[in-house]
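*Asks:* Before we start, here is the structure in question, set down as structure tokens.
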Amino acid sequence: MVTAESDVEPPAAGPAERTPTESTPRATRIRATLLAVAVVLAAVDLIVKHLVEQAHPAGPDFGFLSVRLSYNPGIAFSLGDTLPAWVVIALTSAVTLGITLYALHTAPEVPTAARAGMSMILAGAAGNLIDRIADGAVTDYLYTGWFPTFNLADSLLTCGVVLLIASTLRAESRAD
């Protein structure tokens, strides 16, 4: 026998019952901001690379840091530099796409600092990927003398990862 209670459909999820990954105006705004920041930072990276390439290969020396133009056909620390360019581009494209999808999916759920870290990671990955697609190698120009030559995109990636990890650990410690 069917009761009146079993014929009633459960109410639709209200604003308080939605998960943060749903398409709400707030989630859309957060995702758009994350992407906009990443695009601006990636553009700055590409502009700086272009300016360094137009200048003399050996730029100013600030003591602890100097400008020295070099090209990296590999990934981090020249890993994979003997691989064909299309393989490196395919791998870095897949990783960049994965990072982008993860960031867009989780952005509404994480603290602002974590979103900033995600934007920095996306910017660094995109800046280096676009640079690599353009000429088969990443343009590096910051030289310390004790560390491999790197660029703004590498710095964005590193700082973004540190910020994301620190923000995540802080959020977890607050939850305990």
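Counting begins at 1 with the first residue displayed.
Note: Cβ is positioned from N, Cα and C throughout, glycine not excepted.
What TrEMBL shows for this protein is this:
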type	residues	note
REGION	1-25	region 'Disordered'
TRANSMEM	32-52	transmembrane segment
TRANSMEM	83-104	transmembrane segment
TRANSMEM	116-134	transmembrane segment
ACT_SITE	Asp140	active site
TRANSMEM	146-166	transmembrane segment
ACT_SITE	Asp154	active site
*Asks:* Are there any residues in the same chain, six or more apart in sequence, whose C-beta is under 8 angstroms from the C-beta of Asp154 (active site), and if so which?
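*Replies:* Once residues fewer than 6 apart are set aside, Asp154 (active site) is near Ala76, Gly124, Asn128, Asp140.
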*Asks:* Sequence-remote contacts (6 or more beyond its ends) of the transmembrane segment (146-166), Cβ cut-off under 8 Å?
*Replies:* 41-42, 44-45, 48-49, 68, 70, 72, 76-78, 113-114, 116-125, 127-128, 131, 138-140
*Asks:* Work out the three-state DSSP category of Asp154 (active site).
*Replies:* helix
